[in-house]
Structures are given as C-alpha cells and as structure tokens.
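K.L.:
The annotation domain '3-oxo-5-alpha-steroid 4-dehydrogenase C-terminal' is assigned in TrEMBL to 87-205. Positions annotated as transmembrane segment by TrEMBL: 7-27, 47-65, 86-105, 162-181.
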Amino acid sequence: HLSAVERLPALGALSALLVLVCVWLHSARRLFECCFVSVFSPAAMHLVHYCFGLAYYVLLGLTVLSQAPLDGHHVYVIGKNLLRQARWFHILGMLMFVWSSAHQYRCHVILGNLRRNKAGVVIHCNHRIPFGDWFEYVSCPNYLAELLIYVSMAVTFGLRNLTWWLVIAYVFCSQTLSAWLSHKFYRSKFVSYPKHRKAFLPFLF
C-alpha cells in the first residue's frame, strides 16, 4: 500500500517526525502572516472554501502520521536517539524547507507593504505591482515557494514516498491554477506590467 514506501524503520520514523515538524512550523508561520503580515481585501472567503482549508490541514497531518513505520500499535524506532540516524536527505530537506519558507515570508511581506505606508499603517486595499525577491521572475512567487516547501518535505522523506508525491501533485495543480489566474489579472489591470515575468515557473510558465 502507499504508506509502505519507505521500510527502513529508523529512517522512516525520523522522516515522519521531521516532516510533521515542518508541517506544524509552516502552519504556525502562515497563521502569523495572516494575523500580522498580510493585508487582505474586504472580500469574504466562501464558507465551503474555508471548511475545505481546515479539513485539508487536518488530513495533511494525518497523512504524515500514516507514513511512520508501525510495530503493532507503536512507531517502530531503533535506538534512543533518532537524530543520530539522520541521513543526507534529512539535512537537505530541512535546509530546503528553511530556504523556501524564508522566500515565501519575504514575498508576503512585500505584498503586505504594498498596502501600508512607511510607518506600517494600512492605508488602502488596492492592487499594485510588487517588486523584489522572486517577484522579479514570476507573478506569484509565494505560490512557487509553497510548492518548493512541499518538495522539501518529499526530500526529507528520502524522495521515495509515493503518498507525498501525490500530495505534491495536488499542490502543483492548485498553485499553478491560482498563479495563472493572478498573472492574468495583473496583466489585464496594469498596462506597464513587466512582460518578462512568468506566472509560476521562472522562464517557463
């Protein structure tokens, strides 16, 4: 079955633990950004969309937990110190997670500052053309960073976890669609919008 991709017990337990930590940190950061960084328009989110988001993150955590190797009703672990069993993909995955998360945070700060004055006070909710960081390459670098965050977790799983690659496929499709719609909006609203910018993937799409 799909949860039985990685059967090196110690590595599987450590991978699941690290990815679970990543999911928690990512969710906590996004909550912080929603409360203190982003400036949203007056439009309200549809109740169905809101409920779907809540269910998605609950199911995401359960998906990670399902990847932990089980010995009966307990997680199968060899030795007392999991961190000593870290491999190159654990380290690379965590570094990628920090790197992509930092870029996503910067992009959200840039978007939030477009609606604030120099004192940090919100002065309007209009759309403006963002510049800086990955905005120089794509219209929606925050969506690109989101995809890379999930890819970093796939690396942490050792690149062999089919279940997580299915999660990435969903994230890729949803973020690509959102990026394309936003890119189309920017180009229709601003005549001076940079023509070299792509929607989602630098130099490609």
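One is the number of the first residue shown, and numbering goes on along the chain from there.
Quick reminder: no glycine exception, Cβ is built from N, Cα and C everywhere.
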K.L.:
Tell me the residue counts in helix, strand and coil for the domain '3-oxo-5-alpha-steroid 4-dehydrogenase C-terminal' (87-205), as DSSP assigns them.
P.N.:
74 helix, 4 strand, 41 coil
K.L.:
Averaged across the domain '3-oxo-5-alpha-steroid 4-dehydrogenase C-terminal' (87-205), what pLDDT does the model get? Just tell me the whole number, please.
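P.N.:
Value for the domain '3-oxo-5-alpha-steroid 4-dehydrogenase C-terminal' (87-205), mean pLDDT as a whole number: 95.
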